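See structure below.
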Amino acid sequence: MADMQNLVERLERAVGRLEAVSHTSDMHRGYGDSPSKAGAAPYVQAFDSLLAGPVAEYLKISKEIGGDVQKHAEMVHTGLKLERALLVTASQCQQPADNKLSDLLAPISEQIKEVITFREKNRGSKLFNHLSAVSESIQALGWVAMAPKPGPYVKEMNDAAMFYTNRVLKEYKDVDKKHVDWVKAYLSIWTELQAYIKEFHTTGLVWSKTGPVAKELSGLPSGPSAGSGPPPPPPGPPPPPVSTSSGSDESASRSALFAQINQGESITHALKHVSDDMKTHKNPALKAQSGPVRSGPKPFSAPKPQTSPSPKPATKKEPAVLELEGKKWRVENQENVSNLVIDDTELKQVAYIYKCVNTTLQIKGKINSITVDNCKKLGLVFDDVVGIVEIINSRDVKVQVMGKVPTISINKTDGCHAYLSKNSLDCEIVSAKSSEMNVLIPTEGGDFNEFPVPEQFKTLWNGQKLVTTVTEIAG
(Lines of atoms letter the chains of each structure in order from A and count residues from 1; the text may use other names and numbers.)
(Lines give C-alpha, C1' and ligand atoms only; values in the text may rest on other atoms or scores of the structure.)
Protein backbone atom coordinates (compact mmCIF):
# COMPACT_ATOMS: atom_id res chain seq x y z
CA MET A 1 0.00 0.00 0.00
CA ALA A 2 2.86 2.34 0.86
CA ASP A 3 4.51 1.59 -2.51
CA MET A 4 1.29 2.45 -4.29
CA GLN A 5 1.08 5.76 -2.40
CA ASN A 6 4.67 6.62 -3.35
CA LEU A 7 3.94 5.78 -6.98
CA VAL A 8 0.90 8.06 -6.97
CA GLU A 9 2.93 10.92 -5.48
CA ARG A 10 5.63 10.49 -8.13
CA LEU A 11 3.05 10.52 -10.90
CA GLU A 12 1.50 13.67 -9.46
CA ARG A 13 4.88 15.39 -9.41
CA ALA A 14 5.56 14.34 -13.01
CA VAL A 15 2.17 15.61 -14.16
CA GLY A 16 2.72 18.87 -12.30
CA ARG A 17 6.02 19.35 -14.06
CA LEU A 18 4.49 18.70 -17.48
CA GLU A 19 1.72 21.17 -16.71
CA ALA A 20 4.31 23.74 -15.66
CA VAL A 21 6.08 23.34 -19.00
CA SER A 22 2.93 23.48 -21.13
CA HIS A 23 0.74 25.96 -19.28
CA THR A 24 3.21 28.46 -17.84
CA SER A 25 4.97 29.42 -21.05
CA ASP A 26 3.60 32.96 -20.87
CA MET A 27 4.83 33.41 -17.33
CA HIS A 28 8.08 31.73 -18.31
CA ARG A 29 8.72 34.18 -21.13
CA GLY A 30 7.63 37.03 -18.89
CA TYR A 31 10.63 36.30 -16.71
CA GLY A 32 12.88 36.65 -19.75
CA ASP A 33 13.52 32.98 -20.57
CA SER A 34 13.26 31.84 -24.17
CA PRO A 35 11.44 28.53 -24.65
CA SER A 36 13.36 25.54 -25.92
CA LYS A 37 13.57 25.21 -29.65
CA ALA A 38 12.73 21.89 -31.25
CA GLY A 39 16.35 21.39 -32.24
CA ALA A 40 17.80 22.17 -28.81
CA ALA A 41 20.00 19.56 -27.19
CA PRO A 42 18.24 17.22 -24.74
CA TYR A 43 20.15 18.62 -21.78
CA VAL A 44 19.14 22.18 -22.73
CA GLN A 45 15.49 21.10 -22.90
CA ALA A 46 15.84 19.40 -19.50
CA PHE A 47 17.30 22.57 -18.03
CA ASP A 48 14.35 24.53 -19.43
CA SER A 49 12.06 22.13 -17.57
CA LEU A 50 13.91 23.00 -14.37
CA LEU A 51 13.42 26.70 -15.10
CA ALA A 52 9.73 26.20 -15.80
CA GLY A 53 9.24 24.07 -12.69
CA PRO A 54 10.98 24.79 -9.34
CA VAL A 55 12.60 28.02 -10.53
CA ALA A 56 9.28 29.48 -11.72
CA GLU A 57 7.67 28.47 -8.42
CA TYR A 58 10.49 30.10 -6.45
CA LEU A 59 10.14 33.30 -8.48
CA LYS A 60 6.37 33.35 -8.03
CA ILE A 61 6.51 32.99 -4.24
CA SER A 62 9.39 35.47 -3.99
CA LYS A 63 7.26 37.99 -5.86
CA GLU A 64 4.42 37.40 -3.40
CA ILE A 65 6.76 37.99 -0.45
CA GLY A 66 8.19 41.04 -2.23
CA GLY A 67 10.86 43.43 -1.01
CA ASP A 68 14.44 42.23 -0.76
CA VAL A 69 13.45 38.61 -1.38
CA GLN A 70 11.93 39.49 -4.75
CA LYS A 71 14.95 41.58 -5.78
CA HIS A 72 17.29 38.77 -4.74
CA ALA A 73 15.24 36.22 -6.69
CA GLU A 74 15.50 38.29 -9.86
CA MET A 75 19.30 38.28 -9.48
CA VAL A 76 19.28 34.51 -9.02
CA HIS A 77 17.11 34.17 -12.12
CA THR A 78 19.57 36.22 -14.16
CA GLY A 79 22.33 33.85 -13.08
CA LEU A 80 20.27 30.83 -14.16
CA LYS A 81 19.60 32.41 -17.54
CA LEU A 82 23.33 32.99 -18.01
CA GLU A 83 23.89 29.35 -17.12
CA ARG A 84 21.34 28.31 -19.74
CA ALA A 85 23.21 30.38 -22.32
CA LEU A 86 26.40 28.51 -21.42
CA LEU A 87 24.59 25.18 -21.82
CA VAL A 88 23.36 26.23 -25.27
CA THR A 89 26.92 27.21 -26.18
CA ALA A 90 28.32 23.89 -24.93
CA SER A 91 25.72 21.95 -26.93
CA GLN A 92 26.76 23.68 -30.16
CA CYS A 93 30.49 24.31 -29.74
CA GLN A 94 33.67 22.56 -28.71
CA GLN A 95 35.28 23.34 -25.38
CA PRO A 96 37.81 26.19 -25.60
CA ALA A 97 41.17 26.39 -23.87
CA ASP A 98 41.18 27.14 -20.15
CA ASN A 99 41.99 30.83 -20.57
CA LYS A 100 39.09 31.27 -23.02
CA LEU A 101 36.78 29.16 -20.88
CA SER A 102 37.25 31.57 -17.99
CA ASP A 103 35.95 34.36 -20.25
CA LEU A 104 32.79 32.35 -20.92
CA LEU A 105 32.30 31.73 -17.21
CA ALA A 106 32.93 35.36 -16.23
CA PRO A 107 29.28 36.57 -16.57
CA ILE A 108 28.08 33.78 -14.27
CA SER A 109 30.84 34.54 -11.79
CA GLU A 110 29.95 38.24 -11.76
CA GLN A 111 26.28 37.44 -11.18
CA ILE A 112 27.18 35.19 -8.24
CA LYS A 113 29.16 38.07 -6.72
CA GLU A 114 26.19 40.40 -7.21
CA VAL A 115 23.89 38.02 -5.33
CA ILE A 116 26.36 37.74 -2.44
CA THR A 117 26.97 41.49 -2.33
CA PHE A 118 23.24 42.17 -2.11
CA ARG A 119 23.08 40.16 1.13
CA GLU A 120 26.05 42.02 2.59
CA LYS A 121 24.51 45.41 1.75
CA ASN A 122 21.20 44.50 3.39
CA ARG A 123 22.26 43.09 6.76
CA GLY A 124 19.53 45.12 8.43
CA SER A 125 16.80 43.50 6.35
CA LYS A 126 13.93 41.79 8.19
CA LEU A 127 14.32 38.97 5.68
CA PHE A 128 18.05 38.56 6.27
CA ASN A 129 17.77 34.79 6.79
CA HIS A 130 16.14 34.47 3.36
CA LEU A 131 18.94 36.51 1.79
CA SER A 132 21.58 34.48 3.63
CA ALA A 133 20.13 31.16 2.46
CA VAL A 134 20.42 32.32 -1.14
CA SER A 135 23.81 33.98 -0.70
CA GLU A 136 25.38 30.92 0.94
CA SER A 137 24.22 28.56 -1.83
CA ILE A 138 24.27 30.62 -5.04
CA GLN A 139 27.80 29.39 -5.77
CA ALA A 140 26.14 26.15 -6.81
CA LEU A 141 25.88 27.83 -10.23
CA GLY A 142 29.61 27.24 -10.47
CA TRP A 143 29.07 23.50 -11.01
CA VAL A 144 29.80 24.09 -14.72
CA ALA A 145 33.47 24.54 -13.80
CA MET A 146 33.61 21.62 -11.38
CA ALA A 147 35.00 18.34 -12.63
CA PRO A 148 34.85 15.44 -12.10
CA LYS A 149 32.17 15.73 -9.38
CA PRO A 150 29.83 18.67 -10.00
CA GLY A 151 26.86 16.94 -8.33
CA PRO A 152 28.38 16.67 -4.83
CA TYR A 153 29.47 20.30 -5.11
CA VAL A 154 25.85 21.40 -5.63
CA LYS A 155 24.78 19.27 -2.67
CA GLU A 156 27.39 20.97 -0.50
CA MET A 157 25.99 24.39 -1.44
CA ASN A 158 22.45 23.15 -0.77
CA ASP A 159 23.48 22.02 2.71
CA ALA A 160 24.95 25.46 3.37
CA ALA A 161 21.59 27.04 2.53
CA MET A 162 19.74 24.78 4.95
CA PHE A 163 21.39 26.39 7.97
CA TYR A 164 19.45 29.57 7.19
CA THR A 165 16.33 27.98 5.70
CA ASN A 166 15.89 26.15 9.01
CA ARG A 167 15.83 29.55 10.69
CA VAL A 168 13.17 30.72 8.24
CA LEU A 169 11.08 27.62 8.98
CA LYS A 170 11.47 28.13 12.72
CA GLU A 171 10.42 31.78 12.45
CA TYR A 172 7.47 31.40 10.06
CA LYS A 173 6.30 27.81 10.60
CA ASP A 174 3.25 28.86 12.61
CA VAL A 175 3.01 32.42 11.27
CA ASP A 176 3.02 32.51 7.45
CA LYS A 177 2.95 29.35 5.31
CA LYS A 178 4.09 31.37 2.31
CA HIS A 179 7.63 31.48 3.70
CA VAL A 180 7.57 27.73 4.32
CA ASP A 181 6.60 27.20 0.67
CA TRP A 182 9.40 29.58 -0.32
CA VAL A 183 11.94 27.38 1.47
CA LYS A 184 10.63 24.24 -0.25
CA ALA A 185 10.66 25.89 -3.67
CA TYR A 186 14.16 27.29 -3.28
CA LEU A 187 15.76 24.10 -1.98
CA SER A 188 14.04 22.09 -4.71
CA ILE A 189 16.00 24.10 -7.31
CA TRP A 190 19.25 22.61 -6.05
CA THR A 191 17.91 19.09 -5.49
CA GLU A 192 16.48 19.09 -9.02
CA LEU A 193 19.77 20.47 -10.33
CA GLN A 194 21.62 17.59 -8.66
CA ALA A 195 19.36 15.10 -10.44
CA TYR A 196 19.84 16.97 -13.71
CA ILE A 197 23.64 16.88 -13.36
CA LYS A 198 23.59 13.19 -12.49
CA GLU A 199 21.66 12.45 -15.68
CA PHE A 200 23.47 14.68 -18.18
CA HIS A 201 26.77 15.97 -16.74
CA THR A 202 27.91 13.35 -14.22
CA THR A 203 31.63 14.10 -14.49
CA GLY A 204 31.41 17.70 -15.68
CA LEU A 205 29.82 19.94 -18.29
CA VAL A 206 29.44 18.05 -21.59
CA TRP A 207 30.65 19.92 -24.67
CA SER A 208 29.92 19.21 -28.32
CA LYS A 209 32.45 17.09 -30.23
CA THR A 210 31.77 19.05 -33.41
CA GLY A 211 31.20 22.64 -34.38
CA PRO A 212 33.43 25.67 -33.82
CA VAL A 213 35.41 26.30 -30.66
CA ALA A 214 33.29 28.37 -28.27
CA LYS A 215 34.13 32.08 -28.22
CA GLU A 216 31.06 33.69 -26.64
CA LEU A 217 27.80 32.71 -24.99
CA SER A 218 24.93 31.70 -27.25
CA GLY A 219 21.21 31.71 -26.55
CA LEU A 220 21.19 34.78 -24.33
CA PRO A 221 17.59 36.01 -23.86
CA SER A 222 16.79 39.26 -25.58
CA GLY A 223 14.85 42.24 -24.30
CA PRO A 224 15.11 44.32 -21.17
CA SER A 225 14.10 41.39 -18.98
CA ALA A 226 17.25 39.53 -19.91
CA GLY A 227 19.21 41.43 -17.34
CA SER A 228 21.21 43.32 -19.94
CA GLY A 229 22.31 46.90 -19.42
CA PRO A 230 20.69 49.96 -20.98
CA PRO A 231 21.32 50.71 -24.67
CA PRO A 232 24.52 52.59 -25.44
CA PRO A 233 24.24 56.38 -25.43
CA PRO A 234 23.91 58.16 -28.79
CA PRO A 235 27.17 59.25 -30.41
CA GLY A 236 28.50 62.62 -29.38
CA PRO A 237 28.49 65.69 -31.62
CA PRO A 238 30.93 65.73 -34.54
CA PRO A 239 34.25 67.53 -34.00
CA PRO A 240 34.28 71.25 -34.84
CA PRO A 241 35.38 72.15 -38.37
CA VAL A 242 39.09 72.67 -38.81
CA SER A 243 40.10 76.32 -39.10
CA THR A 244 41.47 77.09 -42.56
CA SER A 245 43.84 79.76 -41.23
CA SER A 246 45.46 77.40 -38.75
CA GLY A 247 45.79 74.83 -41.51
CA SER A 248 47.70 77.26 -43.71
CA ASP A 249 50.01 78.23 -40.80
CA GLU A 250 50.75 74.58 -40.09
CA SER A 251 51.43 73.97 -43.78
CA ALA A 252 53.92 76.86 -43.91
CA SER A 253 55.71 75.66 -40.76
CA ARG A 254 55.91 72.16 -42.18
CA SER A 255 57.40 73.46 -45.46
CA ALA A 256 60.06 75.43 -43.56
CA LEU A 257 60.94 72.36 -41.50
CA PHE A 258 61.40 70.18 -44.59
CA ALA A 259 63.49 72.89 -46.23
CA GLN A 260 65.92 72.81 -43.28
CA ILE A 261 66.07 69.02 -43.31
CA ASN A 262 66.83 68.99 -47.04
CA GLN A 263 70.03 70.99 -46.43
CA GLY A 264 71.74 67.74 -45.50
CA GLU A 265 75.18 68.03 -43.89
CA SER A 266 75.39 71.76 -44.67
CA ILE A 267 72.92 72.39 -41.83
CA THR A 268 75.80 71.88 -39.35
CA HIS A 269 77.64 74.97 -40.67
CA ALA A 270 75.41 77.17 -38.51
CA LEU A 271 76.46 75.38 -35.32
CA LYS A 272 78.84 77.20 -32.94
CA HIS A 273 82.00 75.48 -31.79
CA VAL A 274 82.12 74.74 -28.02
CA SER A 275 85.58 75.12 -26.50
CA ASP A 276 86.80 73.25 -23.36
CA ASP A 277 86.36 76.26 -21.10
CA MET A 278 82.64 76.28 -22.01
CA LYS A 279 82.11 72.62 -20.99
CA THR A 280 80.93 72.07 -17.40
CA HIS A 281 82.75 68.75 -17.04
CA LYS A 282 86.03 70.43 -18.09
CA ASN A 283 85.41 73.70 -16.19
CA PRO A 284 83.80 73.00 -12.71
CA ALA A 285 83.51 76.74 -12.03
CA LEU A 286 80.63 76.91 -14.49
CA LYS A 287 78.52 74.66 -12.24
CA ALA A 288 78.77 77.07 -9.31
CA GLN A 289 77.82 80.02 -11.53
CA SER A 290 74.90 78.42 -13.32
CA GLY A 291 72.69 77.67 -10.26
CA PRO A 292 69.99 75.02 -10.35
CA VAL A 293 69.16 73.70 -13.76
CA ARG A 294 65.52 73.92 -14.77
CA SER A 295 64.33 70.97 -16.74
CA GLY A 296 62.01 71.46 -19.68
CA PRO A 297 58.93 69.44 -20.38
CA LYS A 298 59.59 65.73 -20.77
CA PRO A 299 58.66 64.05 -24.04
CA PHE A 300 55.64 61.77 -23.92
CA SER A 301 56.31 58.13 -23.21
CA ALA A 302 53.87 55.29 -22.75
CA PRO A 303 53.39 54.37 -19.11
CA LYS A 304 55.48 51.40 -18.13
CA PRO A 305 53.93 48.56 -16.14
CA GLN A 306 54.96 48.26 -12.53
CA THR A 307 57.86 45.85 -12.15
CA SER A 308 57.55 45.40 -8.42
CA PRO A 309 58.18 41.72 -7.67
CA SER A 310 55.44 41.47 -5.09
CA PRO A 311 52.76 44.16 -5.38
CA LYS A 312 50.48 44.32 -2.39
CA PRO A 313 46.84 43.62 -3.20
CA ALA A 314 44.24 46.17 -2.20
CA THR A 315 42.98 45.54 1.31
CA LYS A 316 39.44 44.24 1.21
CA LYS A 317 37.23 45.45 4.02
CA GLU A 318 35.39 42.56 5.59
CA PRO A 319 31.69 42.99 6.37
CA ALA A 320 30.66 43.70 9.96
CA VAL A 321 29.01 40.76 11.74
CA LEU A 322 26.81 40.55 14.83
CA GLU A 323 24.89 37.29 14.83
CA LEU A 324 24.23 34.10 16.76
CA GLU A 325 25.60 31.09 14.91
CA GLY A 326 24.49 27.97 16.72
CA LYS A 327 25.68 28.59 20.28
CA LYS A 328 28.32 31.16 19.33
CA TRP A 329 27.79 34.91 19.25
CA ARG A 330 29.98 36.28 16.45
CA VAL A 331 30.98 39.94 16.72
CA GLU A 332 33.41 40.68 13.89
CA ASN A 333 34.86 43.63 11.96
CA GLN A 334 32.95 46.29 13.89
CA GLU A 335 34.50 49.77 13.61
CA ASN A 336 33.65 52.98 15.47
CA VAL A 337 30.48 51.56 17.02
CA SER A 338 29.64 52.56 20.59
CA ASN A 339 26.29 50.95 21.32
CA LEU A 340 26.53 47.24 20.55
CA VAL A 341 24.46 45.15 22.95
CA ILE A 342 23.87 41.39 23.22
CA ASP A 343 21.02 40.74 25.63
CA ASP A 344 19.42 37.47 24.49
CA THR A 345 21.98 35.16 26.08
CA GLU A 346 21.99 31.64 27.52
CA LEU A 347 24.37 29.77 29.79
CA LYS A 348 25.63 27.44 27.03
CA GLN A 349 26.49 30.25 24.64
CA VAL A 350 29.95 31.69 23.99
CA ALA A 351 31.00 35.02 22.47
CA TYR A 352 33.80 35.45 19.93
CA ILE A 353 34.86 39.06 19.29
CA TYR A 354 37.22 39.46 16.34
CA LYS A 355 38.90 42.41 14.60
CA CYS A 356 36.81 45.10 16.24
CA VAL A 357 38.28 48.62 16.33
CA ASN A 358 37.24 51.56 18.51
CA THR A 359 34.07 49.75 19.54
CA THR A 360 32.09 49.25 22.77
CA LEU A 361 30.16 46.04 23.41
CA GLN A 362 27.90 45.08 26.32
CA ILE A 363 26.93 41.45 26.96
CA LYS A 364 24.02 40.99 29.35
CA GLY A 365 23.14 37.86 31.26
CA LYS A 366 25.27 34.81 32.01
CA ILE A 367 27.22 33.01 29.28
CA ASN A 368 29.90 30.33 29.16
CA SER A 369 32.97 32.19 27.88
CA ILE A 370 34.20 35.24 25.96
CA THR A 371 37.15 35.47 23.56
CA VAL A 372 38.57 38.79 22.36
CA ASP A 373 40.89 38.26 19.38
CA ASN A 374 42.87 40.79 17.33
CA CYS A 375 40.95 43.85 18.54
CA LYS A 376 42.09 47.47 19.05
CA LYS A 377 40.58 50.04 21.40
CA LEU A 378 37.77 47.73 22.43
CA GLY A 379 35.56 48.36 25.46
CA LEU A 380 33.83 45.22 26.77
CA VAL A 381 31.28 45.18 29.61
CA PHE A 382 29.70 41.89 30.67
CA ASP A 383 27.60 40.56 33.53
CA ASP A 384 28.62 36.98 34.36
CA VAL A 385 30.90 34.39 32.76
CA VAL A 386 31.07 30.87 34.18
CA GLY A 387 34.26 29.92 32.33
CA ILE A 388 37.02 32.20 31.10
CA VAL A 389 37.45 35.60 29.46
CA GLU A 390 40.39 35.36 27.06
CA ILE A 391 42.11 38.36 25.44
CA ILE A 392 44.63 37.53 22.72
CA ASN A 393 46.58 39.41 20.02
CA SER A 394 44.95 42.72 20.95
CA ARG A 395 45.89 46.31 21.83
CA ASP A 396 44.39 48.85 24.22
CA VAL A 397 41.50 46.73 25.49
CA LYS A 398 39.31 47.53 28.48
CA VAL A 399 37.09 44.88 30.06
CA GLN A 400 34.72 45.34 32.98
CA VAL A 401 32.87 42.61 34.85
CA MET A 402 29.63 43.64 36.53
CA GLY A 403 28.98 40.27 38.15
CA LYS A 404 31.40 37.37 38.49
CA VAL A 405 34.14 35.77 36.40
CA PRO A 406 36.61 33.11 37.63
CA THR A 407 39.51 33.71 35.18
CA ILE A 408 40.77 36.42 32.84
CA SER A 409 43.55 35.31 30.47
CA ILE A 410 45.70 37.92 28.69
CA ASN A 411 48.01 36.65 25.94
CA LYS A 412 50.10 38.54 23.36
CA THR A 413 48.34 41.80 24.21
CA ASP A 414 49.72 45.33 24.65
CA GLY A 415 47.54 47.46 26.88
CA CYS A 416 44.76 45.85 28.91
CA HIS A 417 42.68 47.29 31.76
CA ALA A 418 40.54 44.82 33.72
CA TYR A 419 37.87 46.40 35.94
CA LEU A 420 36.72 43.94 38.60
CA SER A 421 33.48 44.02 40.58
CA LYS A 422 33.18 43.33 44.31
CA ASN A 423 31.92 39.83 43.49
CA SER A 424 34.91 39.02 41.30
CA LEU A 425 37.83 40.04 43.52
CA ASP A 426 38.92 36.38 43.65
CA CYS A 427 39.34 36.33 39.86
CA GLU A 428 42.60 34.83 38.57
CA ILE A 429 44.58 36.97 36.12
CA VAL A 430 46.76 34.78 33.87
CA SER A 431 49.10 36.60 31.48
CA ALA A 432 51.80 35.75 28.94
CA LYS A 433 53.80 37.77 26.40
CA SER A 434 51.82 40.90 27.28
CA SER A 435 52.55 44.43 28.50
CA GLU A 436 50.87 47.47 30.06
CA MET A 437 48.34 45.40 32.00
CA ASN A 438 46.41 46.90 34.90
CA VAL A 439 43.79 45.51 37.27
CA LEU A 440 41.37 48.03 38.76
CA ILE A 441 39.83 47.24 42.16
CA PRO A 442 36.61 48.98 43.29
CA THR A 443 36.64 51.15 46.43
CA GLU A 444 33.88 51.93 48.92
CA GLY A 445 33.38 55.32 47.30
CA GLY A 446 32.65 53.81 43.90
CA ASP A 447 36.02 54.66 42.37
CA PHE A 448 38.77 52.25 41.31
CA ASN A 449 42.33 51.79 42.48
CA GLU A 450 44.72 50.77 39.73
CA PHE A 451 47.33 48.01 40.23
CA PRO A 452 49.80 47.12 37.46
CA VAL A 453 50.37 43.47 36.61
CA PRO A 454 54.10 42.60 36.89
CA GLU A 455 56.03 42.37 33.63
CA GLN A 456 59.63 42.02 34.86
CA PHE A 457 60.91 38.89 36.59
CA LYS A 458 64.13 37.54 38.04
CA THR A 459 65.01 33.87 37.78
CA LEU A 460 67.72 32.12 39.87
CA TRP A 461 68.99 28.55 40.19
CA ASN A 462 68.83 27.45 43.84
CA GLY A 463 70.75 24.24 43.34
CA GLN A 464 67.70 22.11 42.61
CA LYS A 465 65.34 24.16 40.45
CA LEU A 466 64.73 27.58 38.92
CA VAL A 467 63.09 30.11 41.22
CA THR A 468 61.34 33.09 39.60
CA THR A 469 60.32 36.20 41.50
CA VAL A 470 58.83 39.54 40.52
CA THR A 471 61.22 42.47 40.32
CA GLU A 472 60.36 46.13 40.45
CA ILE A 473 61.86 48.55 37.96
CA ALA A 474 64.24 50.85 39.85
CA GLY A 475 64.15 54.57 39.37
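Every residue gets a Cβ built from N, Cα and C, even glycine.
Taken straight from Swiss-Prot:
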- ALA2: N-acetylalanine (MOD_RES)
- SER34: phosphoserine (MOD_RES)
- LYS81: N6-acetyllysine (MOD_RES)
- 216-255: region 'Disordered' (REGION)
- 218-228: compositional bias 'Low complexity' (COMPBIAS)
- 229-242: compositional bias 'Pro residues' (COMPBIAS)
- 243-255: compositional bias 'Low complexity' (COMPBIAS)
- 278-318: region 'Disordered' (REGION)
- LYS287: N6-methyllysine (MOD_RES)
- SER290: phosphoserine (MOD_RES)
- SER295: phosphoserine (MOD_RES)
- 300-312: compositional bias 'Pro residues' (COMPBIAS)
- SER301: phosphoserine (MOD_RES)
- SER308: phosphoserine (MOD_RES)
- SER310: phosphoserine (MOD_RES)
- LYS348: SUMO1 cross-link (CROSSLNK)
Highest Cβ count within 10 Å among the recorded positions LYS81, LYS348: which residue is it?
LYS81
Secondary structure of LYS348 (SUMO1 cross-link) (DSSP, helix/strand/coil):
coil
In whole Å, how far does the CA atom of LYS81 (N6-acetyllysine) lie from that of the residue listed as 'SUMO1 cross-link'?
45
